[in-house]
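For reference, TrEMBL has these:
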REPEAT    B:68-100  repeat 'ANK'
REPEAT    B:101-133  repeat 'ANK'
REPEAT    B:134-166  repeat 'ANK'
REPEAT    B:167-199  repeat 'ANK'
REPEAT    B:200-225  repeat 'ANK'
DOMAIN    B:597-932  domain 'HECT'
ACT_SITE  B:C899  active site, glycyl thioester intermediate
Amino acid sequence: MAVGGKALFCLIPYRSVETPEPEPIYFLFKFLVIGSAGTGKSCLLHQFIENKFKQDSNHTIGVEFGSRVVNVGGKTVKLQIWDTAGQERFRSVTRSYYRGAAGALLVYDITSRETYNALTNWLTDARTLASPNIVIILCGNKKDLDADREVTFLEASRFAQENELMFLETSALTGENVEEAFLKCARTILNKIESGELDPERMGSGIQYGDASLRQLRQPRGSAAQTKQQCNC
Amino acid sequence: MERAMEQLNVQLNRLTRSLRRARTVELPEDNETAVYTLMPMVMADQHRSVSELLLNSKFDVNYAFGRVKRSLLHIAANCGSVECLVLLLKRGANPNYQDISGCTPLHLAARNGQKKCMGRLLEYNADVNICNNEGLTAIHWLAVNGRTELLHDLVQHVSNVDVEDAMGQTALHVACQNGHKTTVLCLLDSGADINRPNVSGATPLYFACSHGQRDTAQILLSRGAKYLPDKNGITPLDLCVEGGYGETCEVLIQHHGRLFQTLIQMTQNDDIKENMLRQVLEHVSQQSDYNYQCILTSLAEVATTNGHKLLSLSSNYEAQMKSLLRIVRIFCHVFRLGPSSPNNGNDMGYNGNKTPRSQVFKVCGCVGGPELWPLECCLWRPLELLWHSLDEWLVLISTELEKNGRGATASDIPSLLLKQREVETSHLHVSMATESTPATVLRSSPPLLGGEVMVKPPEVYADGQDVISMTANRLSAVIQAFYMCCSCQMPQGMTSPRFIEFVCKHDEVLKCFVTRNPKIIFDHFHFLLECPELMSRFMHIIKGQPFKDRCEWFYEHLLAGQPDSDMVHRPVNENDILLIHRESIFRSSCEVVSKSSNEKLKQGIAVRFHGEEGMGQGVVREWFDILSNEIINPDYALFTQSADGTTFQPNSNSSVNPDHLNYFRFAGQILGLALYHRQLVNIYFTRSFYKHILGIPVNYQDVSSIDPEYAKNLQWILDNDISDLGLELTFSVETDVFGAMEEVPIKPGGTSIQVTQENKEEYVQLVTELRMTRAIQPQINAFLLGFHTFIPPSLIQLFDEFELELLLSGMPEIDVMDWNRNTEYSSGYDLQEPVIQWFWEVVENFTQEERVLLLQFVTGSSRVPHGGFAYLMGGSGLQKFTIAAVPYTPNLLPTSSTCINMLKLPEYPSKDVLRNRLLVALHCGSYGYTMA
């Protein structure tokens, strides 16, 4: 298992013996999953990565990690996802992971108005601590429990609109819209890179070049000035 | 008659010619004999002689001879005997004749670069395309040896420049492997396939990289060579890193920019040799300031991600911890080199002991918080995120501790902390619980896109205790990384104020971690050994750890700076051998040791006695043994015997020997050196002198080793109320100074300060220090000066005085029979008591080390006196080992009174309980029992 564990964290699977050369990774996006305790953040992540519902999920301690390589608009992108604890006592720890995130899933539970009411706080945290440019998608989770619904689709989508968020209702149980939520967020980031709105070169953008990217060692003369510019963060 | 004359003349002529030339002038008829006559002439290219001999003979010029069945033409081609070669060819020698290994004369001429011979062979239609049995052709031979000029001529005759040998290797492959630049160019110009794989898929670039042929790789890449892995997926970059070929790596990265990230990511791979990868990164970083910053920023990013993953409880602690520390180590090494600058060339080497000399980073003042940093400080930015998380985690733990503290009493906390939860893993494929995180589960699942696997978040409910037990060693590993990063921004040997502040801030949490799991100290808290100011905070916890663990930690750290012992054992340089004269061992040793460099002596000692052959570990051991015995030789007046005659300490009158302080320094060096190389010495010091080595204050009991009667008096003062005795003592002593008695104060104004019941303890301490320390202070200082050249004070303080004795002088043999015979019993015990019988059975089954610990526990010394236990000394004369009975209460541990060699053994109900309690006392009591 130790070997498996190691392979787990290899960002780039070089020396892959049997499989043909994997698609080179263009970008690496840092994602956050945030929201109140018990809204199903870990289950969303589990569903996204394993295509399965996590039956006996417990409260997350601190921050957990998961990653998946996806294809967005013809480019291979690796999502590095930090699944944060929703409990208040971990708040200061989880906040320390915000900086440099490119995207976030802001999760509430459609059967709990309390979790919906907390959204403004989470949103402020994300925008101030991560980056004002962070791409956020609002996820109303537990869509399968429609009978117990306390937050209407309309209400939430209005909230999303007012706060310039994308919005989806998801179900970690059935898997509905889970993949879409992550991919939509990634696609938006990629679009912003292509339109020049986001600069991957900037530190703390939450975007790193993958192994197929162009970031490379140059031998520039007078590189000091250039470097200073890049430090503009 | 005339014919006879003529015949005689011919014979005479032949004789004369033969004699004049000192050889036969006629070829024997038999080919085999003839060929051996001709061979030396061909080798020397004596073509006239050969021609003459061949003239009228029937010799077959294609006759193959010898083990490899070569013809004379082979010999001529091999040796460059061009005249003979032509002669043989003219006489019909076959230019394509192959020897037993399939080699033609052309192969041999090519191999040895015989230009003229090759030319002639080609004129006579030698076939350039013939392969030998290994598939090698003439151009392979030329390419191997880089004979470009010859190749240039030959290649025009070659039908296929990509002709493969048995391994599928072309001339280009072998030229690249050997780095023959012009040969490579020549072959490429002649149309050689630049991307041709051999049977295992290795391309010319692959071959160039496997041997670090920088220029060749450069040529190949600039001519458009593809970057291809072999059939096992091993890439040219992998090969460069494996061999530590920084320059070649640099060339690869210049042409394939994406390899830069690949190189950075390699720091996460446990299979790659760290020092080689480090060399490569160091080299690349030194090529430009941009490279330097790029590498450090990328490493910092990777380290931060790894650190955060380590703090994810579901990750594999071992793998993730190693990965983080490896990346941070490499980061620090590269950082220390500083950015490249004209006066900071590559000759700085890779020892990593540089202080940052970059102006840029001094200006940055990276010791402050990130907010304070100027914009240039991007290098550290990513890591600051990790340190921030670390800080928040520790604050969180502190809050949890407070919460628990309110609910439970202090003594309950450790047991609460140890509480571990079982996890339901029934539906999981694999469960993997690391030591400290029993409740985490790692799950492997079918890979999704790109072979990715995912970690399953933990399956636990988090209560306070669990959070602490699950995160303690993960956080400790991050602390270790934090310390490394802080230190590499400081000059060597200085602790970063930021780190000290950090430890002070989180003091309580860190203490909780190590109390709960002391292994953390040895695994991650190496900073303690480098920062005495922090060490003192943890000393009581460290001293409570088993002697063995501290020993390992001691040596691990002591030898940390030395090259790995698994490196090839270098032969001893003749100049580094310590040549010692047996008859003057002390003086000659002192001389050679003072001439050697301390660094060399640390690397290893080789001793040879003058006029003797022997060398090796045995001789080294003998040297330490004899020399240490000689150091205490009374003739030198350096050391003096203790009252009981078995131990030694510096002689306060040693100055009769004018060079005494030098000798003390030498004695310290020898003791330090012995400890460094785990050699035992044949000296036992007084307990007070061991304390001096350790920097532990002496106490009045130590006086008994040099003046037992006086020690008893001091004891008496302490034990009795002295208020009304009218002792008229002041804080002074009368000393004989050059024959006149003088009153010397032992503290400022001491002659007028009365000793009272209230201040008597201070008085006893001061007179003790006067007798034990101040009298021999210069000697102690000189000794420590020598000792500390090999053993840093911060390391030796891991031990107490008893353990130091064991470390220096080793375990003595203990004869249990003799011990038993010379033991007395009191307070109701006798030899027939079951408890006593159990006791001896237990001691009989003890290891040697445990017996020594027991002896030390009771007598304060690890040694059996000369003559056996019958001569065991107490505070005042002979004092046999005594076992006294104590009423038993559950969990009661044995105690001892070392002054009277008495073991106070509770009346244990069973042998098992006795053994168990005794071992607990021996193993855990090393710190506490000095008080008993």
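Yeah, the Cβs are placed from backbone N, Cα and C, and that goes for glycine too.
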### Query
Going along the chain, which residues at least six beyond the ends of the repeat 'ANK' (B:134-166) come within the CB cut-off of under 8 Å?
101-102, 104, 106-107, 109-111, 113, 115, 118-119, 122, 128, 172, 174-175, 178, 180, 182-183, 185-187, 190-193, 196, 198
## Note on the structure
Outside the repeat 'ANK' (B:200-225), at least 6 residues beyond either end, the same-chain residues with a Cβ under 8 Å of its Cβ set are 167-168, 170, 172-181, 184-185, 188, 194, 231-232, 236-237, 239-240, 243-245, 247-248, 250-252, 254-256
### Task
Determine how many residues of the repeat 'ANK' (B:68-100) DSSP places in helix, in strand and in coil.
17 helix, 1 strand, 15 coil
### Query
How many helix, strand and coil residues does the repeat 'ANK' (B:167-199) contain under DSSP?
16 helix, 0 strand, 17 coil
